[in-house]
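One structure is given below, encoded as structure tokens.
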């Protein structure tokens with residue numbers, strides 16, 4: 001249940017308000033800090049004094065209140081026994097949109113780790129494919145940047161970024177340039193499909209700002225990455241010997257140089 005009740009009111013963990021009794025002392029609200037985290041700071045700052053006039057025109061967003069409390073809370077407002085304190089950190093931010101943004105954060109985090117795993121495989125002295133290593137290291141850094149962008153967006157909208165553990169990297173013991181770029185192509189397609197789903201969810205929720213953010217910032221870049229990966233797969237499929245692959249990696253090294261930064 002996203003609702004929490006206490007002797008002092010009703011909290012909706014996902015919505016934009018905290019319903020509290022008008023005589024709730026500031027000390028009691030402060031005591032909730034450990035349980036409600038940053039929300040309590042905002043509640044404490046905006047607790048109305050008991051002498052202030054009760055706002056009987058507050059919007060309860062009834063669909064977000066548990067049915068068992070809707071009538072009770074409405075009666076309390078009308079009788080001047082409670083107030084609705086609107087949080088300021090969320091505005092028209094649907095919980096489903098927040099959820100798919102978190103899913104995207106996790107997808108970018110997973111893609112970053114998978115690219116890093118491929119990069120260090122090719123950079124290892126036993127493999128020594130510095131061009132491929134540099135290419136996939138740049139992809140790792142790009143995905144990390146995307147993850148940070150979505151974290152910052154989530155925070156800007158008042159959502160809570162979900163940072164979770166990622167799946168362990170696959171066994172790259174027999175990784176070749178061709179198989180690596182095939183994996184990269186599959187990952188870019190998967191991430192793009194998730195981004196398109198974010199747009200669909202945002203548009204359904206009439207969150208056009210979120211839809212524009214994803215469309216304008218990420219989708220064009222994703223299709224460029226898919227195109228680039230596809231070209232690499234096609235070219236590598238045509239190469240039939242180690243000498244050709246060696247020179248292909250040399251060309252990658254020119255466009256994606258990578259030198260490990262070792263602390264002195």
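Cβ atoms here come from the backbone N, Cα and C positions, even for glycine.
Keep in mind that TrEMBL annotations are predicted by a computer and have not been checked by a curator.
Feature list (source: TrEMBL):
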- 91-240: domain 'Ferritin-like diiron' (DOMAIN)
- 108: Fe cation 2 binding site (BINDING)
- 143, 146, 188, 222: Fe cation 1 binding site (BINDING)
| When DSSP states are folded down to helix, strand and coil, where does residue 108 (Fe cation 2 binding site) land? | helix
| Sparsest-packed among the binding-site residues, when each Cβ's other Cβ atoms within 10 Å are tallied, from 143, 146, 222 | 222
| field | Per DSSP, three-state class assigned to residue 146 (Fe cation 1 binding site) | value | helix
| remark: Taking DSSP helix as H, G and I and strand as E and B, the domain 'Ferritin-like diiron' (91-240) has 115 helix, 0 strand, 35 coil
| request: State the mean pLDDT for the domain 'Ferritin-like diiron' (91-240). | output: 94
| message | Please list, in sequence order, every residue of the chain apart from 143, 146, 188, 222 whose Cβ lies within 8 Å of the Cβ centroid of the Fe cation 1 site. | response | 108, 111, 139, 142, 187, 191, 192, 218, 221, 225
